[in-house]
Amino acid sequence: MTTEKGEQLRQQLIAAVVKKRAAIARAHEIVVRLLEPGIPEPEFLSLLCEIGPPNYSDIVDEREINKLCGYPLCSTVLENVPKQKYSISASKNKVYDITERKKFCSGYCFKASEYIKSQVPTSPLWLRDRETRPSFQLLPRNT
């Protein structure tokens, strides 16, 4: 009887590992897909539930490396990217770290990307089938 339980537990563990690997591989496929310019909005929103925040950060970083705006729905090519890490505002007497901001073509794209990133589920990818599918909202254009 203990060997039956042991074998059953072993099979469950193997199934869980296979499921985990498949979810991670699917997330990687989505990252690669979202590196391309011209992603349709409905497709983008449908793919978000299958990735996690680290995957989304990878998308932004890889798009920047490819000289594309980090926001997956934007196809703008990045030109004249500032080389400095900080921006100094003399009028506000502040220093701003622009490391993340310079991955985007505009303030809107930066805000929209951060808005989406805040909605991406943080639960493990392989356990998402037990959750209700979230509904993602895009940042309106006039903000």
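Glycine is no exception: its Cβ is also placed from the backbone N, Cα and C atoms.
According to Swiss-Prot, the Zn(2+) binding site annotation covers C69, C74, C105, C109, on the basis of sequence analysis. According to Swiss-Prot, the zinc finger annotation covers 46-129.
Taking the centroid of the Cβ atoms of C69, C74, C105, C109 as the Zn(2+) site, the other same-chain residues with Cβ within 8 Å of it are L68, G70, Y71, S75, T76, L78, F104, S106, Y108.
In the three-state DSSP scheme, C105 (Zn(2+) binding site) is classed as coil. Cβ neighbours of C74 (Zn(2+) binding site) (same chain, under 8 Å, six or more residues apart in sequence): L68, F104, C105, C109.
Around C69 (Zn(2+) binding site), the C-beta neighbours below 8 angstroms that are at least 6 residues distant in the chain are R63, S75, T76, V77, L78, K103, F104, C105, S106, C109.
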